[in-house]
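Per TrEMBL, the feature transmembrane segment maps to 27-52, 64-86, 106-124, 144-166, 201-220, 241-265, 277-296. Positions annotated as domain 'G-protein coupled receptors family 1 profile' by TrEMBL: 45-294.
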Amino acid sequence: MGSMEVYNTTSSSADFTFMGLFNRKDISGLLFAIISVIFFIALMANGIMIFLIRTDARLHTPMYFLLSHLSFIDMMYISTIVPKMLVDYLLGQRTISFMGCTAQHFLYLTLVGAEFFLLGLMAYDRYVAICNPLRYPVLMSRRVCWMIIAGSWFGGSLDGFLLTPITMSFPFCNSREINHFFCEAPAVLRLACADTALYETVMYVCCVLMLLIPFSVVIASYARILTTVHHMSSVEGRKKAFATCSSHMTVVTLFYGAAMYTYMLPHSYHRPAQDKVFSVFYTILTPMLNPLIYSLRNKDVTGALKRALGRFKGTQRVSGEVF
């Protein structure tokens, strides 16, 4: 009977408790302020990107079409985690219901999975544009772009529908304190009062497919791009291309690298504090960095922003004259 007491068989009705990021009182206020700023910048930057790409005809190209969907995923992605974390801090609570944890886990896996695939296919888009420009209209037609979007969402949804029910079906121990700031699979599994070895092997295989394959596509695409750029006659063109590729690779490496640490490194190498830091990179920082690196530094996008501001000032001037 003693061994049976550690199991909680009413997992569907009991709450989980987050230890969170704000458990150090000396820096909790500063962390709250920083994460709040990052969250609002991410929402604003991605929202501006979607608006500009939708309204400016000059941005109706395959690259910006894919970028608009990346911005949409990033907005949803960061919104599944950060708002609850900030509200909990303000209200002084740290709990999440079983259903809330399940929903957060599913949305997180679906969205992050979709982004893994989309980033890999976006790198392929850049490879085609630079290395095969004459075939670009055929290889990246509107139909192909929609297939890329549909494939990314299908891959992410498959991951969410496959892994979430299994993760949340384990019996959980009486101590339901998640040493994390959201319901991430490895942190939730530490509470399971059952052998999770087989499931962790399945999750590892899924992560190889969802992380290593897209990341390999990114590396191969940018390697071919850099090789092509290296043979350019224009020195200015080479510098611009190298600068763009290096900034893209920095963000992509942060995103994939942090996720690989979380899901592919053996448990013996993990520490809860380090896990939180690495999770921050790809759940909070990346949604802010993506629009800043991929888009808002681009002359096409800055031109579209100036035109939008010009139209806004023009309508204000007209309405002022009317009244």
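Cβ from N, Cα, C; glycine included.
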For this session: Test the contact criterion for the transmembrane segment (144-166) and the transmembrane segment (64-86): 3 or more CB pairs under 8 Å, pairs 6 or more apart in sequence, then answer yes or no.
Result: yes
Exercise. What parts of the chain pack near the transmembrane segment (277-296), using Cβ distances under 8 Å and only residues at least 6 beyond its ends?
Worked result: 21, 35, 38-39, 41-42, 45-46, 48-49, 64, 67, 70-71, 74-75, 77-78, 81-82, 108, 112, 180-182, 184, 247-248, 250-251, 254-255, 257-259, 261-262, 302, 305
Problem set entry | Outside the transmembrane segment (64-86), six or more residues from its ends: residues with CB under 8 Å to it | 18, 20-21, 32, 35-36, 39, 42-43, 45-47, 49-50, 53-54, 96, 104, 107-108, 111-112, 114-115, 118-119, 121-122, 125, 145, 148-149, 152, 181-182, 283-284, 286-288, 290-291, 294-295, 300
Problem set entry | Tertiary contacts of the transmembrane segment (241-265), as residues 6+ beyond its ends and Cβ separation under 8 Å | 112, 115-116, 119, 123, 126, 130, 184-186, 203-204, 207-208, 211-212, 214-215, 218, 222, 225-226, 229, 232, 275, 278-279, 281-282, 285-286, 289-290, 293-294, 297
